[in-house]
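Chemist: What follows is a single structure, and I will ask about it in a moment.
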Amino acid sequence: MAESSTTAGKRKCSQDPQVDEKLVPKQGPSFCPTRYGIAFIIHICNLIAMAQCVVMNITMVAMVNSTDHQLQFNGSAEGLPGDSLGGLNNAPDSLPAGAPVYDWSPQIQGIIFSSANYGMMLTLALSGYLAGRVGTKRVVGVSLFASSLLSILTPLAAELGLVCLIATRIVQSLIQGSTFGGQYALWERWGPPHERSRLCSIGLSGMMLGTFFIILLGGIICQTLGWPFAFYILGGIGCVYCLLWFVLVYDDPVSHPWINVTEKDYIISSLAHQIQVSPCKQPLPITAMLRSLPIWSMCVCGFGHQWLTVTQIVYTPTYISSVFNVNMRDNGFLSALPFIIAWVFGILGGQMADFLLTKNFRLITVRKTATFLGNFPSSALLVVLPYLTPSYVTTMTLLTLSCGLCAICQSGIYINALDIAPRHSSFLMGATRGFAYIAAILAPTVNGFLLNQDPEFGWRNVFLLLFAINLLGLIFYLIFGEAVVQDWAKERKLTHL
């Protein structure tokens, strides 16, 4: 049916995925379509990878001599940049005797945390490009296995010295960037246009679930077994899961041995107008990409959203600890609650986006709506926090709503590259995410400086800065964001570098 369409018809399909649904064969009923099974596998992969990425934030409380570097927000705030968990009420003598304790200052802890960010920023775009060439199965599978091995070796690296630990963290961050960036190429071949929002949101929401589990259980593992076992357990789970990954994941429906024939034809037909030229033979139009305002709008808005997300992940436990002075276990429970809500909102946001497409909403309207809901309300709720009288109900309600709404953005800017340049989407999604990840380096440093300089109004300044950055990025995207296939992404004969 796609072959019998006119050129104008193909162009219209590429701009309006809801029209594509009318032009491709309907898929028959299926209990669990294979493409959703692939999304669930990526979901678990992201859960494990994100838990490995965040676990150092949790274990650091048990790794350092907290009696020497006590967090006192109302007095001295020196410990804030290094202490991303808070709740240092538990001294090392309450932890297992066999767990080593190090005398690292807050400044040293900050260096250890930062070492995990530089590498990830460098490999997100490269891994997306590589996955488009050799396949997501190899790139993500090998990366997850290598990251899991390094997670197991982290306690040994800490014993060998600070330099060895930082080097291990940098190498692991390079590999973790490949895990997150390499997965986007999968949806070039598996995601029908009118289902991409829900498929991508299912996969990406695993990051929120991983954050929830490690914040909730990390403190318990440290208190009962010792902090090294947090790395051993996550590394072991990752290694075992890699075996399932290589068995169950395939780069496209054509090569999948167990997919239903009807589903395979349905996916191939729905993507026929977008896969006229193989990505392996399509050079990257770098010059056109650098001049593209829609791409820059995704980068700038992604930067603001990443600043919001990093502040929530790193400083939610610290904020709860500074306001309510709870112990490590209670802090873990309260800090984890917003992220399980974010997991739910992320999945529901994908369902909502695809539902709106079936109701003939314009694709750009859906993308901008999801982006707005994932940015403005979330940052505005945080701005209100310092001006309210602290209470468990009020604080946790605002933090939970802020974190939950933040996840809706997964159906907005983070998959917009699939709309404007399907053939180059794996590279662009990694590149825009890598640009946004600069915020992961800057946000903890800037926020820690603000909290140190002004203990009384530190949180107010942190949230106001967050709101300003987030709002500027959102406005830029609302003005320049698009959801139609760009001219430089349509024809192979255009000039490339």
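Cβ coordinates are placed from backbone N, Cα and C, and glycine is handled just like the others.
Curation does not apply to TrEMBL; its annotations are automatic.
The feature domain 'Major facilitator superfamily (MFS) profile' is assigned by TrEMBL to 54-485. Taken from TrEMBL, the feature region 'Disordered' applies to 1-21. For 36-64, 111-132, 139-158, 199-221, 227-250, 293-315, 335-357, 369-389, 395-415, 427-450, 462-485, the entry in TrEMBL reads transmembrane segment.
Could you place the listed features in the three-dimensional structure?
Modeler: With a cut-off of 8 Å between Cβ atoms, the residues of this chain six or more beyond the transmembrane segment (139-158) that come close are 45, 48-49, 52, 55-56, 63, 100, 102, 127, 130-131, 164-165, 167-169, 171-172, 175-176, 178-179, 182-183, 185, 227-228, 231-232, 234-239, 241-242, 245-246, 249.
Outside the transmembrane segment (199-221) by six or more residues, the chain places 35-36, 39-40, 42-51, 54-55, 58-59, 61, 85, 87, 183, 187, 190-191, 227, 229-230, 233-234, 313, 317, 328-329, 331-333, 335-336, 339-340, 342-343, 346-347, 349-351, 353, 407, 410-411, 414-415, 418 with a CB less than 8 A from a CB of the stretch.
With a threshold of 8 Å between CB atoms, the same-chain residues lying at least 6 positions outside the transmembrane segment (335-357) that come near it are 17-18, 85, 194-202, 204-205, 208-209, 211-213, 215-216, 312-313, 316-317, 320, 363, 365-367, 369-370, 373-374, 396, 399-411.
Sequence-distant contacts of the transmembrane segment (395-415), counting only residues of its own chain at least 6 positions beyond either end whose CB sits under 8 Å from a CB of the stretch, comprise 187, 196-198, 200-201, 204-205, 208, 297-298, 301-302, 305, 308-309, 312, 316, 319-320, 323-324, 334, 337-339, 341-346, 349-350, 352-353, 366-375, 377-379, 381-382, 384-385, 388, 429, 432-433, 477, 481.
Only residues 6 or more beyond the boundaries of the transmembrane segment (427-450), in the same chain, are considered here, and those with a CB under 8 A from a CB of the stretch are 80-81, 84, 110, 113-114, 117-118, 120-129, 132, 177, 180-182, 184, 284, 289, 295, 298-299, 302-307, 310-311, 314-315, 413-415, 417-418, 420-421, 458, 461-462, 465, 469.
Same-chain residues lying 6+ beyond the ends of the transmembrane segment (462-485) with a Cβ under 8 Å from its Cβ atoms: 11, 14-15, 274, 293-294, 296-298, 300-305, 307-308, 311, 315, 362-364, 366-368, 371-372, 375-376, 378-380, 382-383, 385-386, 413, 416, 419-422, 439, 446-447, 450-451.
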Chemist: Run the contact check on the transmembrane segment (36-64) against the transmembrane segment (369-389): 3 or more C-beta pairs under 8 Å, excluding pairs closer than 6 in sequence.
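Modeler: They do not touch: fewer than three Cβ pairs between the two stretches lie under 8 Å.
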Chemist: Restricting to CB pairs under 8 Å, which listed stretch, 111-132, 227-250, 369-389, is in contact most with the transmembrane segment (293-315)?
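Modeler: It is 369-389 that shares the most Cβ pairs under 8 Å with the transmembrane segment (293-315).
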Chemist: Looking at the domain 'Major facilitator superfamily (MFS) profile' (54-485) alone, can you tell me the average pLDDT?
Modeler: 84
